[in-house]
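Enquirer: Found this in TrEMBL, in case it helps:
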- C346: active site, proton donor (ACT_SITE)
- G242, E276, P277, G278, R279, Y374: pyridoxal 5'-phosphate binding site (BINDING)
- R279, R315, Y319, E347, Y374: substrate binding site (BINDING)
- 32-372: domain 'Orn/DAP/Arg decarboxylase 2 C-terminal' (DOMAIN)
- 39-282: domain 'Orn/DAP/Arg decarboxylase 2 N-terminal' (DOMAIN)
- K63: N6-(pyridoxal phosphate)lysine (MOD_RES)
Amino acid sequence: MSGFPSFGYQNSGLCSESVQLDFIARKFGTPCYVYSRAALVAAYQEFDAAFAGRDHLVCYAVKANSSLAILNLFARLGSGFDIVSGGELRRVLKAGGDPQKIVFSGVGKQPDEMRAALAIDILCFNVESEAELQVLNQVAGEMNKIAPVSLRVNPDVDAKTHPYISTGLKENKFGIPFDEAESLYASSRDFSNVRVTGLDCHIGSQLTELAPFIEACRKMLGLLDRLQTQGLQIDHLDLGGGLGIRYSAENPPLVGQYVDALRACVGQRKQRILIEPGRALVGNAGILLTRVEYLKHTGDKNFAIVDAAMNDLMRPALYDAYHEILPVNVKNDGGIKTYQVVGPVCETGDFLGHDRDLALSQGDLLAIMSVGAYGMSMSSNYNTRPRAAEVMVDGDQVHLIRERESMEQLMAGEKILP
Ligand SMILES: Cc1ncc(COP(=O)(O)O)c(C=O)c1O
Ligand SMILES: N[C@@H](CCCC[NH3+])C(=O)O
(Lines of atoms letter the chains of each structure in order from A and count residues from 1; the text may use other names and numbers.)
(Lines give C-alpha, C1' and ligand atoms only; values in the text may rest on other atoms or scores of the structure.)
(Ligands and ions follow the chains in the order given, each with its own letter.)
Protein backbone atom coordinates (compact mmCIF):
# COMPACT_ATOMS: atom_id res chain seq x y z
CA MET A 1 0.00 0.00 0.00
CA SER A 2 3.04 2.27 -0.17
CA GLY A 3 1.44 4.45 -2.86
CA PHE A 4 -1.43 5.30 -0.50
CA PRO A 5 -0.01 6.58 2.76
CA SER A 6 -2.61 6.69 5.51
CA PHE A 7 -5.04 4.36 3.71
CA GLY A 8 -4.89 0.68 4.61
CA TYR A 9 -6.88 -2.34 5.76
CA GLN A 10 -7.62 -3.06 9.40
CA ASN A 11 -9.60 -6.28 9.98
CA SER A 12 -10.59 -6.44 6.28
CA GLY A 13 -12.04 -2.94 6.38
CA LEU A 14 -10.31 -0.14 4.48
CA CYS A 15 -9.43 2.80 6.73
CA SER A 16 -8.20 6.32 6.40
CA GLU A 17 -5.79 6.76 9.30
CA SER A 18 -7.76 4.98 12.05
CA VAL A 19 -11.28 5.59 10.74
CA GLN A 20 -13.18 2.89 8.84
CA LEU A 21 -14.34 4.17 5.44
CA ASP A 22 -17.53 2.17 6.00
CA PHE A 23 -18.30 4.45 8.96
CA ILE A 24 -17.66 7.57 6.84
CA ALA A 25 -20.01 6.34 4.11
CA ARG A 26 -22.78 5.69 6.64
CA LYS A 27 -22.29 9.07 8.31
CA PHE A 28 -21.77 11.33 5.29
CA GLY A 29 -23.21 9.36 2.38
CA THR A 30 -21.63 8.65 -1.00
CA PRO A 31 -20.04 9.75 -3.25
CA CYS A 32 -17.66 11.34 -0.78
CA TYR A 33 -14.07 12.52 -1.06
CA VAL A 34 -11.96 11.51 1.94
CA TYR A 35 -8.61 13.14 2.68
CA SER A 36 -6.02 12.13 5.22
CA ARG A 37 -4.65 15.10 7.15
CA ALA A 38 -1.54 13.12 8.11
CA ALA A 39 -0.80 12.34 4.45
CA LEU A 40 -1.17 16.02 3.48
CA VAL A 41 1.09 17.21 6.29
CA ALA A 42 3.70 14.53 5.56
CA ALA A 43 3.75 15.41 1.86
CA TYR A 44 4.26 19.13 2.51
CA GLN A 45 6.92 18.51 5.14
CA GLU A 46 8.80 16.16 2.85
CA PHE A 47 9.20 18.91 0.23
CA ASP A 48 10.04 21.55 2.79
CA ALA A 49 12.59 19.41 4.63
CA ALA A 50 14.33 18.45 1.39
CA PHE A 51 15.17 22.15 0.90
CA ALA A 52 16.58 22.54 4.42
CA GLY A 53 19.44 25.02 4.53
CA ARG A 54 18.50 26.57 1.19
CA ASP A 55 16.40 29.69 0.57
CA HIS A 56 13.21 28.31 -0.96
CA LEU A 57 9.43 28.54 -1.11
CA VAL A 58 7.04 25.68 -1.83
CA CYS A 59 4.06 27.24 -3.62
CA TYR A 60 1.23 24.70 -3.61
CA ALA A 61 -0.57 24.69 -7.00
CA VAL A 62 -4.10 25.49 -5.85
CA LYS A 63 -5.75 24.06 -8.98
CA ALA A 64 -4.91 20.54 -7.85
CA ASN A 65 -7.33 20.80 -4.94
CA SER A 66 -8.68 24.15 -3.84
CA SER A 67 -10.75 23.08 -0.82
CA LEU A 68 -10.43 25.72 1.87
CA ALA A 69 -9.52 23.24 4.61
CA ILE A 70 -6.61 21.94 2.55
CA LEU A 71 -5.40 25.45 1.68
CA ASN A 72 -5.66 26.41 5.34
CA LEU A 73 -3.67 23.35 6.39
CA PHE A 74 -0.86 24.21 3.97
CA ALA A 75 -0.96 27.91 4.93
CA ARG A 76 -0.48 26.94 8.58
CA LEU A 77 2.50 24.80 7.59
CA GLY A 78 4.07 27.87 5.94
CA SER A 79 3.29 27.06 2.32
CA GLY A 80 3.13 29.56 -0.49
CA PHE A 81 0.55 29.25 -3.27
CA ASP A 82 0.55 29.16 -7.05
CA ILE A 83 -2.76 30.54 -8.31
CA VAL A 84 -4.24 30.89 -11.80
CA SER A 85 -7.35 33.01 -11.27
CA GLY A 86 -8.97 35.71 -9.16
CA GLY A 87 -11.15 32.95 -7.71
CA GLU A 88 -8.14 30.99 -6.48
CA LEU A 89 -6.74 34.22 -5.03
CA ARG A 90 -9.95 34.71 -3.04
CA ARG A 91 -9.78 31.15 -1.77
CA VAL A 92 -6.15 31.45 -0.65
CA LEU A 93 -6.89 34.68 1.23
CA LYS A 94 -9.99 33.19 2.83
CA ALA A 95 -7.92 30.20 3.93
CA GLY A 96 -5.36 32.47 5.60
CA GLY A 97 -2.62 32.35 2.94
CA ASP A 98 0.11 34.99 3.07
CA PRO A 99 -0.09 37.35 0.02
CA GLN A 100 3.70 37.63 0.06
CA LYS A 101 3.87 33.91 -0.70
CA ILE A 102 1.53 33.96 -3.70
CA VAL A 103 2.68 33.60 -7.30
CA PHE A 104 0.11 34.20 -10.05
CA SER A 105 0.45 31.96 -13.15
CA GLY A 106 -1.82 31.50 -16.17
CA VAL A 107 -1.96 32.57 -19.82
CA GLY A 108 -5.11 34.68 -19.62
CA LYS A 109 -5.03 36.91 -16.55
CA GLN A 110 -7.70 39.59 -16.72
CA PRO A 111 -7.23 43.20 -15.58
CA ASP A 112 -9.62 42.71 -12.64
CA GLU A 113 -7.64 39.71 -11.47
CA MET A 114 -4.41 41.67 -11.80
CA ARG A 115 -5.92 44.52 -9.76
CA ALA A 116 -6.99 42.19 -6.98
CA ALA A 117 -3.51 40.68 -6.81
CA LEU A 118 -1.74 44.06 -6.99
CA ALA A 119 -3.95 45.44 -4.22
CA ILE A 120 -2.63 42.86 -1.75
CA ASP A 121 1.00 42.92 -2.97
CA ILE A 122 1.49 39.31 -4.02
CA LEU A 123 5.01 37.96 -4.38
CA CYS A 124 5.09 37.73 -8.16
CA PHE A 125 3.18 37.58 -11.45
CA ASN A 126 4.38 34.80 -13.74
CA VAL A 127 3.83 36.60 -17.04
CA GLU A 128 3.26 34.42 -20.09
CA SER A 129 3.33 36.89 -23.04
CA GLU A 130 4.42 40.36 -24.10
CA ALA A 131 0.76 41.38 -24.47
CA GLU A 132 0.12 40.38 -20.85
CA LEU A 133 3.17 42.35 -19.71
CA GLN A 134 1.78 45.45 -21.40
CA VAL A 135 -1.63 45.09 -19.74
CA LEU A 136 -0.05 44.40 -16.34
CA ASN A 137 2.15 47.49 -16.71
CA GLN A 138 -0.89 49.61 -17.53
CA VAL A 139 -3.04 48.23 -14.69
CA ALA A 140 -0.20 48.66 -12.19
CA GLY A 141 0.37 52.22 -13.44
CA GLU A 142 -3.30 53.10 -12.87
CA MET A 143 -2.91 51.83 -9.30
CA ASN A 144 0.42 53.57 -8.73
CA LYS A 145 2.04 50.23 -8.12
CA ILE A 146 5.09 48.41 -9.40
CA ALA A 147 4.19 44.83 -10.32
CA PRO A 148 6.84 42.22 -9.42
CA VAL A 149 7.28 39.99 -12.46
CA SER A 150 8.82 36.68 -13.52
CA LEU A 151 8.63 35.77 -17.15
CA ARG A 152 7.34 32.23 -17.62
CA VAL A 153 9.67 30.88 -20.23
CA ASN A 154 8.84 27.85 -22.34
CA PRO A 155 12.09 25.87 -22.43
CA ASP A 156 10.94 23.52 -25.21
CA VAL A 157 11.57 20.35 -23.24
CA ASP A 158 9.60 17.14 -23.69
CA ALA A 159 8.07 16.29 -20.30
CA LYS A 160 7.24 12.76 -21.55
CA THR A 161 3.77 12.85 -20.08
CA HIS A 162 0.19 12.76 -21.43
CA PRO A 163 -0.02 15.31 -24.30
CA TYR A 164 -2.97 17.10 -22.65
CA ILE A 165 -0.84 17.94 -19.59
CA SER A 166 2.47 18.65 -21.29
CA THR A 167 3.12 22.40 -21.21
CA GLY A 168 6.80 22.98 -21.95
CA LEU A 169 7.02 22.25 -25.68
CA LYS A 170 7.18 25.17 -28.06
CA GLU A 171 3.91 24.15 -29.72
CA ASN A 172 2.08 24.49 -26.35
CA LYS A 173 0.20 27.70 -25.51
CA PHE A 174 2.20 28.26 -22.32
CA GLY A 175 5.04 30.64 -21.64
CA ILE A 176 7.29 32.85 -23.69
CA PRO A 177 9.31 31.10 -26.41
CA PHE A 178 12.79 30.38 -25.10
CA ASP A 179 14.55 32.29 -27.88
CA GLU A 180 12.40 35.40 -27.30
CA ALA A 181 12.82 35.53 -23.53
CA GLU A 182 16.09 37.48 -23.44
CA SER A 183 14.83 40.30 -25.60
CA LEU A 184 11.56 40.54 -23.64
CA TYR A 185 13.52 40.69 -20.38
CA ALA A 186 15.65 43.46 -21.90
CA SER A 187 12.62 45.45 -23.04
CA SER A 188 10.89 44.99 -19.66
CA ARG A 189 13.12 47.87 -18.51
CA ASP A 190 10.98 50.15 -20.70
CA PHE A 191 7.88 49.29 -18.69
CA SER A 192 7.81 51.74 -15.81
CA ASN A 193 5.32 49.84 -13.64
CA VAL A 194 6.78 46.37 -13.66
CA ARG A 195 9.96 45.17 -12.00
CA VAL A 196 11.56 41.92 -13.01
CA THR A 197 12.31 39.83 -9.94
CA GLY A 198 12.36 36.25 -11.15
CA LEU A 199 12.49 33.63 -13.86
CA ASP A 200 9.88 30.87 -14.18
CA CYS A 201 9.07 27.68 -16.10
CA HIS A 202 6.66 24.75 -15.76
CA ILE A 203 6.99 21.96 -18.30
CA GLY A 204 4.06 19.68 -17.50
CA SER A 205 2.34 17.46 -15.02
CA GLN A 206 2.70 13.84 -13.84
CA LEU A 207 6.37 13.61 -14.83
CA THR A 208 7.85 10.28 -13.83
CA GLU A 209 11.47 10.95 -14.78
CA LEU A 210 14.03 13.44 -13.51
CA ALA A 211 15.71 14.08 -16.85
CA PRO A 212 13.16 16.60 -18.27
CA PHE A 213 13.24 18.61 -15.03
CA ILE A 214 17.02 18.77 -15.19
CA GLU A 215 17.07 19.65 -18.87
CA ALA A 216 14.62 22.51 -18.24
CA CYS A 217 16.54 23.66 -15.17
CA ARG A 218 19.84 23.76 -17.10
CA LYS A 219 18.26 25.80 -19.88
CA MET A 220 16.78 28.23 -17.35
CA LEU A 221 20.14 28.60 -15.60
CA GLY A 222 21.86 29.41 -18.90
CA LEU A 223 19.26 32.11 -19.45
CA LEU A 224 19.59 33.32 -15.87
CA ASP A 225 23.34 33.72 -16.24
CA ARG A 226 22.95 35.67 -19.49
CA LEU A 227 20.32 37.97 -17.96
CA GLN A 228 22.58 38.70 -15.01
CA THR A 229 25.45 39.55 -17.33
CA GLN A 230 23.14 42.13 -18.84
CA GLY A 231 22.67 43.67 -15.40
CA LEU A 232 19.19 42.32 -14.61
CA GLN A 233 18.69 41.39 -11.00
CA ILE A 234 16.91 38.06 -10.68
CA ASP A 235 15.99 37.20 -7.09
CA HIS A 236 14.25 33.90 -7.57
CA LEU A 237 14.08 30.94 -9.90
CA ASP A 238 10.65 29.27 -10.08
CA LEU A 239 10.97 25.74 -11.49
CA GLY A 240 7.23 25.01 -11.55
CA GLY A 241 5.49 21.83 -10.44
CA GLY A 242 4.93 18.56 -12.21
CA LEU A 243 6.40 15.81 -10.05
CA GLY A 244 4.35 12.69 -10.71
CA ILE A 245 2.84 10.23 -8.25
CA ARG A 246 2.25 6.50 -8.33
CA TYR A 247 -1.24 5.64 -9.59
CA SER A 248 -0.40 2.01 -10.34
CA ALA A 249 2.98 0.85 -11.63
CA GLU A 250 4.67 4.22 -12.16
CA ASN A 251 7.94 4.81 -10.36
CA PRO A 252 8.30 8.57 -10.12
CA PRO A 253 11.37 10.03 -8.41
CA LEU A 254 11.04 10.43 -4.65
CA VAL A 255 10.54 13.99 -3.42
CA GLY A 256 14.03 13.95 -1.88
CA GLN A 257 15.61 12.79 -5.15
CA TYR A 258 13.74 15.45 -7.11
CA VAL A 259 14.67 18.29 -4.77
CA ASP A 260 18.29 17.10 -4.47
CA ALA A 261 18.56 17.06 -8.25
CA LEU A 262 17.21 20.61 -8.53
CA ARG A 263 19.49 21.81 -5.73
CA ALA A 264 22.52 20.22 -7.36
CA CYS A 265 21.62 21.74 -10.70
CA VAL A 266 21.19 25.27 -9.30
CA GLY A 267 24.43 24.85 -7.32
CA GLN A 268 25.83 27.83 -5.43
CA ARG A 269 23.70 30.45 -7.15
CA LYS A 270 22.17 32.85 -4.66
CA GLN A 271 18.62 32.93 -6.06
CA ARG A 272 15.77 31.66 -3.95
CA ILE A 273 14.27 28.48 -5.46
CA LEU A 274 10.48 28.31 -5.84
CA ILE A 275 8.59 25.19 -6.84
CA GLU A 276 4.86 24.77 -7.55
CA PRO A 277 3.89 21.17 -6.74
CA GLY A 278 0.21 20.24 -6.87
CA ARG A 279 -0.36 16.55 -7.48
CA ALA A 280 2.65 15.40 -5.43
CA LEU A 281 1.26 17.19 -2.36
CA VAL A 282 -2.34 16.04 -2.48
CA GLY A 283 -2.78 13.25 -5.05
CA ASN A 284 -2.29 10.24 -2.83
CA ALA A 285 -3.85 11.91 0.22
CA GLY A 286 -7.40 11.53 -1.10
CA ILE A 287 -9.82 8.79 -2.14
CA LEU A 288 -13.35 8.84 -3.53
CA LEU A 289 -15.80 6.68 -1.69
CA THR A 290 -18.62 5.29 -3.81
CA ARG A 291 -21.37 2.70 -3.52
CA VAL A 292 -22.39 0.02 -6.02
CA GLU A 293 -25.93 0.82 -7.15
CA TYR A 294 -26.47 -2.03 -9.59
CA LEU A 295 -24.66 -4.95 -11.12
CA LYS A 296 -25.50 -5.59 -14.73
CA HIS A 297 -24.36 -8.18 -17.25
CA THR A 298 -24.67 -7.43 -20.94
CA GLY A 299 -23.10 -9.52 -23.69
CA ASP A 300 -19.72 -10.54 -22.35
CA LYS A 301 -19.36 -7.54 -20.01
CA ASN A 302 -20.03 -7.16 -16.30
CA PHE A 303 -20.89 -3.63 -15.28
CA ALA A 304 -20.74 -2.27 -11.75
CA ILE A 305 -22.80 0.91 -11.81
CA VAL A 306 -21.65 3.07 -8.91
CA ASP A 307 -22.96 6.36 -7.52
CA ALA A 308 -19.82 8.35 -8.44
CA ALA A 309 -19.39 9.43 -12.03
CA MET A 310 -17.30 11.39 -14.48
CA ASN A 311 -18.73 14.61 -13.06
CA ASP A 312 -17.10 13.71 -9.71
CA LEU A 313 -13.85 12.40 -11.17
CA MET A 314 -13.14 13.45 -14.72
CA ARG A 315 -9.62 12.04 -15.11
CA PRO A 316 -10.54 8.59 -16.50
CA ALA A 317 -12.90 10.07 -19.11
CA LEU A 318 -10.58 12.93 -20.03
CA TYR A 319 -7.16 11.25 -20.08
CA ASP A 320 -8.04 7.57 -19.89
CA ALA A 321 -6.33 7.85 -16.50
CA TYR A 322 -5.97 4.80 -14.28
CA HIS A 323 -7.08 4.88 -10.64
CA GLU A 324 -6.83 1.84 -8.41
CA ILE A 325 -10.29 0.71 -7.19
CA LEU A 326 -10.35 -1.17 -3.88
CA PRO A 327 -13.20 -2.85 -1.99
CA VAL A 328 -13.91 -1.08 1.30
CA ASN A 329 -14.80 -4.42 2.91
CA VAL A 330 -12.81 -7.41 1.69
CA LYS A 331 -14.77 -10.63 1.12
CA ASN A 332 -13.08 -13.97 1.12
CA ASP A 333 -15.93 -16.00 -0.35
CA GLY A 334 -14.82 -15.87 -3.99
CA GLY A 335 -17.14 -14.61 -6.68
CA ILE A 336 -14.50 -12.46 -8.36
CA LYS A 337 -15.50 -11.18 -11.78
CA THR A 338 -14.00 -8.70 -14.19
CA TYR A 339 -16.01 -5.48 -14.00
CA GLN A 340 -16.36 -2.25 -15.91
CA VAL A 341 -16.83 0.24 -13.08
CA VAL A 342 -19.05 2.97 -14.48
CA GLY A 343 -21.13 5.90 -13.28
CA PRO A 344 -24.77 6.84 -13.87
CA VAL A 345 -24.01 9.67 -16.35
CA CYS A 346 -25.35 9.35 -19.87
CA GLU A 347 -22.01 9.08 -21.66
CA THR A 348 -20.20 5.96 -22.78
CA GLY A 349 -17.05 7.72 -21.59
CA ASP A 350 -18.44 7.79 -18.05
CA PHE A 351 -16.20 5.14 -16.55
CA LEU A 352 -14.01 5.05 -13.46
CA GLY A 353 -12.15 1.86 -14.25
CA HIS A 354 -12.06 -0.80 -16.95
CA ASP A 355 -11.56 -4.53 -16.43
CA ARG A 356 -11.25 -4.59 -12.66
CA ASP A 357 -11.26 -7.94 -10.87
CA LEU A 358 -13.62 -7.55 -7.91
CA ALA A 359 -16.07 -9.60 -5.86
CA LEU A 360 -19.11 -7.35 -5.75
CA SER A 361 -22.69 -7.27 -4.52
CA GLN A 362 -25.25 -4.51 -4.82
CA GLY A 363 -24.69 -1.94 -2.05
CA ASP A 364 -20.94 -2.62 -1.62
CA LEU A 365 -18.58 0.27 -1.07
CA LEU A 366 -15.56 0.95 -3.26
CA ALA A 367 -12.65 3.34 -2.81
CA ILE A 368 -11.22 5.03 -5.88
CA MET A 369 -7.64 5.74 -4.96
CA SER A 370 -5.22 8.62 -5.63
CA VAL A 371 -7.87 11.23 -6.36
CA GLY A 372 -6.70 14.02 -4.06
CA ALA A 373 -5.37 15.98 -7.05
CA TYR A 374 -7.57 17.11 -9.94
CA GLY A 375 -10.54 15.19 -8.55
CA MET A 376 -12.89 17.53 -6.73
CA SER A 377 -11.29 20.59 -8.34
CA MET A 378 -12.30 19.38 -11.81
CA SER A 379 -15.75 18.16 -10.83
CA SER A 380 -18.90 19.49 -12.47
CA ASN A 381 -22.67 19.37 -12.22
CA TYR A 382 -23.18 17.47 -15.48
CA ASN A 383 -26.53 15.61 -15.49
CA THR A 384 -27.56 18.01 -12.66
CA ARG A 385 -25.63 15.97 -10.17
CA PRO A 386 -24.76 17.73 -6.92
CA ARG A 387 -21.07 17.79 -6.13
CA ALA A 388 -19.85 15.23 -3.60
CA ALA A 389 -19.23 15.89 0.08
CA GLU A 390 -15.62 16.16 1.28
CA VAL A 391 -14.29 15.03 4.64
CA MET A 392 -10.89 15.17 6.29
CA VAL A 393 -9.71 12.45 8.63
CA ASP A 394 -7.37 13.36 11.45
CA GLY A 395 -6.35 10.34 13.50
CA ASP A 396 -9.62 8.91 14.80
CA GLN A 397 -11.64 12.03 13.99
CA VAL A 398 -13.58 12.85 10.81
CA HIS A 399 -14.42 16.43 9.87
CA LEU A 400 -16.86 17.45 7.17
CA ILE A 401 -14.96 20.07 5.13
CA ARG A 402 -17.55 20.57 2.39
CA GLU A 403 -21.21 19.68 2.53
CA ARG A 404 -22.74 17.74 -0.30
CA GLU A 405 -24.16 20.29 -2.71
CA SER A 406 -27.90 20.85 -2.44
CA MET A 407 -30.37 21.17 -5.30
CA GLU A 408 -31.01 24.76 -4.17
CA GLN A 409 -27.30 25.64 -4.48
CA LEU A 410 -27.17 23.91 -7.80
CA MET A 411 -29.95 26.01 -9.32
CA ALA A 412 -29.20 29.26 -7.46
CA GLY A 413 -28.87 32.19 -9.81
CA GLU A 414 -30.96 30.66 -12.58
CA LYS A 415 -34.09 32.49 -13.84
CA ILE A 416 -37.20 31.35 -15.68
CA LEU A 417 -38.40 34.01 -18.11
CA PRO A 418 -41.90 35.49 -17.52
C1 LIG B 1 1.92 26.81 -13.82
C2 LIG B 1 1.68 25.53 -13.10
N3 LIG B 1 2.32 25.31 -11.94
C4 LIG B 1 2.13 24.17 -11.24
C5 LIG B 1 1.29 23.18 -11.69
C6 LIG B 1 1.13 21.97 -10.83
O7 LIG B 1 1.43 20.84 -11.49
P8 LIG B 1 1.44 19.43 -10.73
O9 LIG B 1 0.12 19.23 -10.13
O10 LIG B 1 1.74 18.49 -11.82
O11 LIG B 1 2.54 19.51 -9.72
C12 LIG B 1 0.62 23.35 -12.90
C13 LIG B 1 -0.20 22.27 -13.48
O14 LIG B 1 0.34 21.48 -14.25
C15 LIG B 1 0.81 24.55 -13.62
O16 LIG B 1 0.16 24.77 -14.76
N1 LIG C 1 -5.81 18.02 -14.77
C2 LIG C 1 -4.59 17.28 -14.98
C3 LIG C 1 -3.37 18.03 -14.58
C4 LIG C 1 -3.30 19.37 -15.23
C5 LIG C 1 -2.27 20.20 -14.66
C6 LIG C 1 -2.61 21.62 -14.86
N7 LIG C 1 -1.52 22.40 -15.38
C8 LIG C 1 -4.72 15.91 -14.35
O9 LIG C 1 -5.76 15.60 -13.83
O10 LIG C 1 -3.83 15.12 -14.41
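A Cβ is built for glycine as well, from the same backbone N, Cα and C atoms used for every other residue.
Remember, predicted model here, so these are calculated numbers, not experimental data.
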Enquirer: Tell me whether E347 (substrate binding site) sits in a helix, a strand or coil according to DSSP.
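Expert: The three-state answer is coil.
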Enquirer: Max Cα-Cα distance in Å among G242, E276, P277, G278, R279, Y374, the residues listed as binding pyridoxal 5'-phosphate?
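Expert: With G242, E276, P277, G278, R279, Y374 as the binding residues for pyridoxal 5'-phosphate, the largest Cα distance is 15 Å.
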Enquirer: Which binding-site residues among E276, R279, Y319, Y374 have CB under 6 Å of ligand 1?
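Expert: Only E276, R279 qualify.
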Enquirer: How many Å lie between the Cα of Y374 (pyridoxal 5'-phosphate binding site) and the Cα of the residue listed as 'active site, proton donor'?
Expert: 22
Enquirer: Of the recorded positions K63, R315, Y319, which one has its Cα closest to the Cα of P277 (pyridoxal 5'-phosphate binding site)?
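Expert: Given the candidates K63, R315, Y319, the nearest one is K63.
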Enquirer: Looking at substrate and its recorded binding residues R279, R315, Y319, E347, Y374, figure out the farthest C-alpha pair and report it in angstrom, whole number.
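Expert: 27 Å is the greatest Cα spacing among the residues binding substrate.
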Enquirer: Would you count the other C-beta atoms found within 10 angstroms of the C-beta of R315 (substrate binding site) for me?
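Expert: Taking every protein chain into account, the count is 20.
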Enquirer: Cα distance, K63 (N6-(pyridoxal phosphate)lysine) to E276 (pyridoxal 5'-phosphate binding site), nearest Å?
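Expert: Approximately 11 Å lies between the Cα of E276 (pyridoxal 5'-phosphate binding site) and that of K63 (N6-(pyridoxal phosphate)lysine).
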Enquirer: Please list, in sequence order, the residues in the chain of K63 (N6-(pyridoxal phosphate)lysine) that are at least six apart in sequence and whose C-beta is under 8 Å away from its C-beta.
Expert: V84, E88, G278, Y374, S377
Enquirer: Near the pyridoxal 5'-phosphate site, what residues other than G242, E276, P277, G278, R279, Y374 in the same chain have a C-beta no further than 8 Å from the centroid of the listed C-beta atoms?
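Expert: Neighbours found: A61, K63, A64, S205, G241, L243, A280, L281, A373.
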Enquirer: Among the binding-site residues E276, E347, which residue has its Cβ surrounded by the fewest other Cβ atoms within 10 Å?
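Expert: Ranked by other Cβ atoms within 10 Å, the binding-site residues E276, E347 bottom out at E347.
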